[in-house]
Structures are given as C-alpha cells and as structure tokens.
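Beneath this line is the structure, given in structure tokens, with notes to follow.
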C-alpha cells in the first residue's frame, strides 16, 4: 500500500469502500477497492486470493483492468484503472424527456457484449452486472467492472452499508434457486440493461425476490415446463404462482426499433439453453449499421 496515496472516497461498492488514489511514483490515478469480508478474524481466504489473481489476466478494452492486489492489516485492496463515471450516474444525468442517442445505446451494448464474450470465453462469469458496475469515459468507451468478484467473495444479500443488493438485473434461473447456472445469467442482465439504456428506467424493478419474479412474469408470462423444460422442478418454483400470459416487450420498451426489440427478446428468453449467446448477439442485424471503428475495438 505504500506505493499509493488515497485522494478521496468515491463510493461504496458491494464489498466495501472505494477510494480514488494515485500511484506515488508514476502518478497514475487508480480506483482502490477495500474488500470487507464477512469473517474479519480469519483474514482473506486463500481461494479468494487465487480467484482474484486470475482476474489480473483479463485484459480487454471493455473490461476495467485489475492492476494490483494488495494486503494491509489482513484487509484486501484491489487496485483498478480509474474511470470517473458509471452508467447509472450517466443515465440519471440525462434531463427529463430526453433519452440517450440511439447510436450510443447501440455502441454501448456492443461494447458490453464484447467484454462479456471475452470473459465467457475464459470461463469467467460476472453474475452481478448492473449499471453501477458499467463504467464510462468521455471517449464513448464503456467497461465492465467487478468481474469475477462474485465467485471470489460470493454476492452478499446486503451491501456492508445495509443497502440491499439490487435484484433488478438478476436472471429468472438465479431467482428461482437453480443450483447450476452459467453464462446465460449475464446475458439476461445485459438484456435488462439494454432496455434501461433505451428508456432510462429499470425494466423490472422488484423490491423482493418474489416481487422481482412476478414483475418478470407479468411482462413475459409465467414460465412452465413447456417454454422452459424443468423450470417447475427448480427449488423456488411454486405451482401456486399466478399464471400470467406473455405480454409484448414493445409496450415496456418504447425507444427500440424492430431489430432492437428482436435482440432484446432473444436476450430475455426464459430457457437459458435457448437464450442468445454473447457471440451470437454481436452478429445480430441490430448492429449492422454500427460504426466499424467500434467493431474493430
């Protein structure tokens, strides 16, 4: 830690306080995440250290790079590249009645998918994607932050400030207690973020797990074994769930064209095995008119 000075506290993440800092010799500005673990006495589990060390290998233009892992007084500090704005703050800053430019929505979605495909190809899941951990710079680049931390530390039910961790972007298989899940969980989250890029509003904003599920069911219909084989045998599926009929996504997401709605519907397919993959999503016609500079990134 002696290589870095803390400049100021910039926020509170899922796992602890985040500081803006500076490397003493290079002058490079960084984000320093202090990881607060449940069991302070035992120190940091070696499994977490191993997991985190692997994340230093994830180098991609759309992934916030982990530059250093430091220990101080049995506290773990993760040193990341610094970006000053997250997507939630950006969406909140757009004046009422105005929306993000449709070409920027497309560019951001494409970059998010590029980042996710890179990580999925290395068998790393995110599991907790949301606008707060998508960081942007002033050049139109968006990067995914906090990759792999869920596996290293678990996802707490509450942030250490006792704020409840958001469920709005969580996939139905996770909400229904599936023990085995994979890369499609991230695609679902990206789908809900895609809708929010277009409308500035969370697509499904539940305030409990059951409320979250019912908001999804009301929009997309209550799933059954016909549309999603074996869903009825998932741990938290109840035969007493109200049986809603599928509605139209277009009524929930007004600012997307036909191709955009088609891609969104493929990202929000109930059956994880049928949900579009990141790689397939990048080749969807929605991106046909995307600036070739972004495709080359």
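Every residue gets a Cβ built from N, Cα and C, even glycine.
Using a 10 Å radius centred on the Cβ of residue 1 (N-acetylmethionine) and all shown protein chains, the other Cβ atoms total 15. In the three-state DSSP assignment, the secondary structure recorded for residue 1 (N-acetylmethionine) is coil. The annotation N-acetylmethionine is assigned in Swiss-Prot to 1.
Sequence-distant neighbours of residue 4 (phosphotyrosine) (same chain, 6+ apart, CB under 8 A from its CB) are 21, 22, 23, 24, 30, 32, 79. Look at Swiss-Prot and you will find 4 (among others) tagged as phosphotyrosine.
The annotation domain 'Protein kinase' is assigned in Swiss-Prot to 4-287 on the grounds of sequence analysis.
Per Swiss-Prot, the feature N6-acetyllysine maps to 6 (among others); the stated evidence is similarity to another entry. In the three-state DSSP reading, residue 6 (N6-acetyllysine) counts as strand. Here the Cβ of residue 6 (N6-acetyllysine) has 13 other Cβ atoms within 10 Å, regardless of which shown protein chain they belong to.
Swiss-Prot lists 6 (among others) with the feature SUMO2 cross-link, giving similarity to another entry as the kind of evidence.
Summarising the environment of residue 9 (N6-acetyllysine), the number of other Cβ atoms within 10 Å of its Cβ, over all protein chains shown, is 12. If you look up Swiss-Prot, you'll see 9 (among others) marked as N6-acetyllysine, on the strength of similarity to another entry.
Taken from Swiss-Prot, the feature SUMO2 cross-link covers 9 (among others).
Sequence annotations record features per position, and here Swiss-Prot assigns ATP binding site to 10, 11, 12, 13, 14, 15, 16, 17, 18, 33. When secondary structure is read from DSSP and collapsed to three states, residue 14 (ATP binding site) falls in the coil class.
Other Cβ atoms within 10 Å of the Cβ of residue 15 (phosphotyrosine), summed over all protein chains shown, number 23. The annotation phosphotyrosine is assigned in Swiss-Prot to 15 (among others).
The Cβ neighbour count for residue 19 (phosphotyrosine), using a 10 Å radius over every protein chain in view, is 19. Annotated phosphotyrosine per Swiss-Prot: 19 (among others), in sequence order.
The feature SUMO2 cross-link is assigned by Swiss-Prot to 20 (among others), with similarity to another entry given as support. Residue 20 (SUMO2 cross-link) falls within a strand segment according to DSSP. In sequence order, 6, 7, 8, 9, 10, 29, 30, 31, 32, 82 make up the list of same-chain residues 6 or more apart from residue 20 (SUMO2 cross-link) whose Cβ falls under 8 Å from its Cβ.
Residues or ranges marked as phosphoserine by Swiss-Prot on the basis of similarity to another entry: 39 (among others).
Per Swiss-Prot, phosphotyrosine is recorded for 77 (among others), and the stated evidence type is similarity to another entry. Sequence-distant contacts (6 or more apart, same chain, Cβ under 8 Å) of residue 77 (phosphotyrosine) comprise 1, 32, 33, 34, 35, 68, 69, 70, 71.
Taken from Swiss-Prot, the feature active site, proton acceptor covers 128, and the record attributes it to sequence analysis. Within 10 Å of the C-beta atom of residue 128 (active site, proton acceptor) sit 20 other C-beta atoms, taking all shown protein chains into account.
Taking Cβ-Cβ distances under 8 Å and a sequence separation of 6 or more, residue 139 (SUMO2 cross-link) has no neighbours in its chain. What Swiss-Prot lists as SUMO2 cross-link is 139 (among others).
In the three-state DSSP scheme, residue 141 (phosphothreonine) is classed as coil. If you look up Swiss-Prot, you'll see 141 (among others) marked as phosphothreonine, on the strength of similarity to another entry.
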Mapped DSSP class for residue 178 (phosphoserine), helix or strand or coil = coil
Among 19, 178, 248, which are recorded as modified residues, the nearest neighbour of residue 12 (ATP binding site) by Cα | 19
Give me the Cα-Cα distance between residue 178 (phosphoserine) and residue 248 (phosphoserine), rounded to a whole Å.
-> 26
Pairwise CA distance, residue 128 (active site, proton acceptor) versus residue 16 (ATP binding site), rounded so that it is a whole Å = 15
